[in-house]
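According to TrEMBL, the protein has these features:
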- 1-331: domain 'Kinesin motor' (DOMAIN)
- Gly93, Pro94, Thr95, Gly96, Cys97, Gly98, Lys99, Thr100: ATP binding site (BINDING)
- 429-498: region 'Disordered' (REGION)
- 446-473: compositional bias 'Basic and acidic residues' (COMPBIAS)
Amino acid sequence: LQVALRIRPMSTAELAEGARPIAHRVDKQVVVLRDPLEDPDDVLRASRSREKSYVFDVAFDSMATQETVYRATTRGLIAGIISGYNATVFTYGPTGCGKTYTMLGTEGEPGICARMLGDLFQAIEDTSGDMEYEVSMSYLEIYNEMIRDLLNPSLGCLQLREDASGTVQVAGITEVSAINAEEVMQLLVRGNRQRTQEPTAANRTSSRSHAVLQVAVRQQRRGRGLHRGRLFMIDLAGSERAAQTQNRGQRMKEGAHINRSLLALGNCIKALSDQASTKYINYRDSKLTRLLKDSLGGNSRTVMIAHISPASTAFEESRSTLAYAHRAKSIRTTVRHNLLSVSYRVAQYGSVTADLCRDIQRLKGQGHAEPGQLGQAQVQRRGARCTHPELGRVQEELLGACREQAAPRHLLLRLEGTELHAQHLLAPYVGAKPPPGMGSPGEPGWGKEGRGEPDGPGDSGRDSDTGNKRLDVPEPPDVAAAHESIAAVVEERGTLQQ
């Protein structure tokens, strides 16, 4: 587990309060945190200084650029992803310390997500001469311990499932195929409009949920096995104190759920960092820790970027974040190559194996003849040995038939991805609920009080009795044409399945 630390600049509010900087980057790896209440003239407490230094893999001060942070932390993960390895990047720290800025950035200063996706698709393009790639993505948020699909919020609350190999997945999540970084970023921006954000006293654009972007890359060299790599980019909501954020009502409830999941994450980090401990790691305390199971202690190359404020007013939050980030350095993950060639070929040639097994059983059955029929059985066995080349020819024919079936299977997968993508593009026109006097019904992301913010999960309960009804308005011509295209795709898919 690679751990980096980033110190954001002092904010205007902190300067207005008279705060002074107490967190300093000493060199490329060391950060020093000073106690703001420490009195240098107090001789009685001279030996009880609370000043402490922390060592990380890399540290950034307030002058570090987005490009510097990206190159030093996550750029090296791309080659592994397209080769079939898993990678995870997540931000950690108190609210208002710049986690979302590091992950998403701005239009002028894009963050890790945009830079990594751009380099990922560039690497795919550079190696696509003898490789075949398929890229899909999903985007979700964990809000009040509920999982919502940000690409299709109408799905409601989703559940976590664990398959036979121990991999945790979200049942029913929307996966959309992508062909370039621009398309993924458009979907990411659209999903962020659905993400739950509310202002607090500590942060005017506080994220009230954990956002998880998953990009799956399937790579197949022509004539060889299939590799699958997964990239998780996670923007965690920040820990907070009610006294600092001045939260009440729903905001306080959100903060309690955020702190609960981050506490579970901290407990997992503490247990994983204790190399001498063999006790059970409780990932089930929170849905966040269940999703991060592979990223923390399993099959993934993981980068954690911790964020702190240098202000003296945030001393307690900064000290807690530094302690957890420093402890996470000792976590060791076991990275495995995700090679799917064995299961893929077993599925492809399963019918051939079954036929061969039946032939073997038939030949074995010929050996159980009666004593008087021994000569005939021996002749039959000799005949079976003589027809062995015939059996090989049948096997080759079966293999050829399986290879011929591979093309329609591949086309079927592409059609299913096209159908999902088309339905995703039509999502803004279905079930839209514009507020009175607000714009056209075709725009996504209707929010509360006419601000264009998305409806939170709490609003879904009020709509459950009436259902998600379409507006009684005629469809635009391109939407109607798209529906006809989808119907044609579905019909073609049914033909291929038959």
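Any Cβ shown, glycine's included, is placed from N, Cα and C.
Owing to the predicted nature of the structure, the values given are computational and were not obtained by experimental measurement.
Positions of the features from TrEMBL, shown on the structure.
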| residue | record | Cβ within 10 Å |
| --- | --- | --- |
| Gly93 | ATP binding site | 28 |
| Pro94 | ATP binding site | 24 |
| Thr95 | ATP binding site | 23 |
| Gly96 | ATP binding site | 26 |
| Cys97 | ATP binding site | 28 |
| Gly98 | ATP binding site | 21 |
| Lys99 | ATP binding site | 26 |
| Thr100 | ATP binding site | 24 |
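Across all of the domain 'Kinesin motor' (1-331), the predicted model scores a mean pLDDT of 85.
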